[in-house]
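**Q** One structure follows; several queries about it will come next.
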Amino acid sequence: MDDNKRPLYLPFAGPAILEAPLINKGSAFSEEERIFFNLEGLVPYAIETIEEQASRAYDQFRSFNNDLDKHIYLRNIQDTNETLFYRLVQNHISEMMPIIYTPTVGLACERFSKNYRRNRGLFISYPNKDRIDDILNNSTRQKVKIIVVTDGERILGLGDQGIGGMGIPIGKLSLYTSCGGISPAYTLPITLDVGTDNPQLLEDPMYMGWRHPRIGGEEYAEFIEAFMQAVHVRWPDTLIQFEDFAQKNAMPILERYKDRYCCFNDDIQGTAAVTVGSLLAACKAAGTELNKQRIAFLGAGSAGCGIAEAIVAQMVSEGISDEQARSQVCMVDRWGLLLDNMPNLLPFQQKLAQKCADICNWNNFSDNISLLDVVNNAKPTVLIGVSGAPGLFTEEIVRAMHSHCERPIIFPLSNPTSRVEATPKDILHWTSGQALVATGSPFEPVVVDGETYEIAQCNNSFIFPGIGLGVLASGARHVSDAMLMASSRALAECSPLAINGSGPLLPKLEDIHSVSKHIAFAVGKVAIEQGLSLPASDELLMQSIEDNFWKPEYRRYKRTSF
């Protein structure tokens, strides 16, 4: 039976119900509920439907003049009536997703302490390292199935935001629910407060976190270990998503725990999965295959290298050797093209460095080979930006790329909008509308020579909610590389441009529920095939996906005692 049709039995009444966001209905409590739960007089007389409430809330939302105020308003609804919040977002998802997440969430993180109103989630501070289990026990969510956790050190492209980074786990989990149908009762945002190296925060009298330089080394590793163990003991089947950890910690943490617990890093693996899915769709739209592409990256951090490794894996699955695939991927960072003779390459960069012998015949060879040098010599067909530095895809670079590639695939993925490597408008004008463009942040459609081009947002929200739903529905014990690859292929199968030859590269946000279910099925099926979950037929898996897909509808309440 659908949970939304079954009554929910509550052991308390009166103001306590109105203060519980997961069960509060506000003006939608029925006459019977108002009597039995001692609510008469605590809410206005009129009994409203959730759609009537959502209509009023939307009018109020539209009355705010800037996006940060809209964000604060929506968070206030979320903190008072979660069902109404998700109904409102569901009704206006294209308009509200940029408000509840990127790009607005970046500003919300920067002003977190100044705008703080009400607690959501858990803050686990290093001075309390010996009481982590007690802190987890304090959570108002006791059936936690998905955790998003950050330490606030690398928030979007904004750097160290300390506990202000909590805006990211809150926003991500809002998308797990609004896009992937995960019940908000099963979600828990967590910030690990290990100090901050941001001098502005340390000197800000309103900063609410642990006012101390960030810990590191063994202290940091032991704190993360204690946290992971405590979560596993309390909620052994919980999916843990790592979010916005600094490059020096992100990959080591993922490598340490991915085979021990059910976890993944969205910046590395989620970004890689959605990018590969978008590339597969773009290649199909251009009438080619991914293993035939030459790819240049601007940005060789953990996210960029994670994407590159996923691309290499997909190329190999399409029939070429690992060595050949790596030779077709060029990584450029602030020091230029990564080469195998560079002394300070990080471990995850080493396998992606080009061999010096392979580029000895390039023109303009120098110690620091620029992105323009790479474009002129390697002649890439795909250009991906994950640098966090705006404007680096210059007109000269894009035009040079277009001169040897009729339909260049260009993905400036850096967030927020102010950090994008080039705007879609510029890219499409420089290529006479021929480029296939996807961005990390939302952009308005672009008109070139009278033709309108919808800009695909290569946003992780197309991937991670479906992964989470697939893990929950299948009961997977780990998130494997094969499951992530399956999510990429499933996303590509939903591309309007690849399927119909017209429309955007990625689906519209209004179709996100069907996309998430499609991805969840692909992910769950691989988990079953790999023995990471109990055996189940396709029919049972689909039914489990539907059973786990929460809808923002009010339930009837009954009292358990008087």
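Placement of Cβ uses the backbone N, Cα and C atoms for every residue, glycine included.
As annotated by Swiss-Prot, active site, proton donor applies to TYR101, with the evidence given as sequence analysis. Annotation comment: Swiss-Prot describes ARG154, ASP267, ASN415 as NAD(+) binding site. Here Swiss-Prot flags LYS172 as active site, proton acceptor. Residues annotated as divalent metal cation binding site in Swiss-Prot: GLU243, ASP244, ASP267. As annotated by Swiss-Prot, site 'Important for activity' applies to ASP267, with the evidence given as sequence analysis.
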**Q** Of all the recorded positions given, ARG154, LYS172, which has the fewest Cβ neighbours within 10 Å once its own Cβ is left out?
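**A** ARG154, out of the recorded positions ARG154, LYS172, has the fewest neighbouring Cβ atoms within 10 Å.
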**Q** Checking the spread of the NAD(+) site as listed (ARG154, ASP267, ASN415): what is the longest Cα-Cα distance, in whole Å?
**A** 12
**Q** Across all the protein chains here, work out how many other Cβ atoms are within 10 Å of the Cβ of the residue listed as 'active site, proton donor'.
**A** 26
**Q** Between the recorded positions TYR101, LYS172, ASP244, which lies closest to ARG154 (NAD(+) binding site), Cα to Cα?
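**A** Of the recorded positions TYR101, LYS172, ASP244, ASP244 has its Cα closest to that of ARG154 (NAD(+) binding site).
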**Q** Which one of these binding-site residues has the most other Cβ atoms within 10 Å of its own Cβ: GLU243, ASP244, ASP267?
**A** GLU243
**Q** Which residues does ASN415 (NAD(+) binding site) neighbour through Cβ under 8 Å, counting only same-chain ones at least six apart?
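**A** When sequence neighbours closer than 6 are ignored, ASN415 (NAD(+) binding site) has THR102, PRO103, GLY106, LEU156, GLY157, GLY440, SER441 within Cβ distance under 8 Å.
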**Q** Using the alpha carbons only, what distance in Å do you get between GLU243 (divalent metal cation binding site) and ASP267 (NAD(+) binding site) once rounded?
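**A** So the Cα of ASP267 (NAD(+) binding site) lies 6 Å away from that of GLU243 (divalent metal cation binding site).
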**Q** Return the member of TYR101, LYS172, ASP244 nearest to ASP267 (NAD(+) binding site) in space, with distance defined Cα to Cα and candidates limited to these recorded positions.
**A** ASP244
**Q** How many Å lie between the Cα of LYS172 (active site, proton acceptor) and the Cα of ASP244 (divalent metal cation binding site)?
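**A** Here the two Cα atoms are 11 Å apart.
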**Q** Other than GLU243, ASP244, ASP267 themselves, what residues in this chain have Cβ atoms within 8 Å of the centroid of the divalent metal cation site's Cβ atoms?
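**A** Everything else in range on the chain: THR150, ARG154, ILE155, ILE168, PHE242, PHE245, ALA250, ASN265, ASP266.
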**Q** Excluding ARG154, ASP267, ASN415, which residues of the same chain place their Cβ within 8 Å of the centroid of the Cβ atoms of the recorded NAD(+) site?
**A** ILE155, LEU156, GLY157, ASP244, ALA303, GLY388
**Q** Can you see whether DSSP assigns TYR101 (active site, proton donor) to helix, strand or coil?
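**A** Its secondary structure by DSSP: coil.
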**Q** Would you mind reading off the Cα separation of TYR101 (active site, proton donor) from ASP244 (divalent metal cation binding site), to the nearest angstrom?
**A** 14
**Q** Check the DSSP secondary structure of ARG154 (NAD(+) binding site), expressed as helix, strand or coil.
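**A** Assignment for ARG154 (NAD(+) binding site) reads coil.
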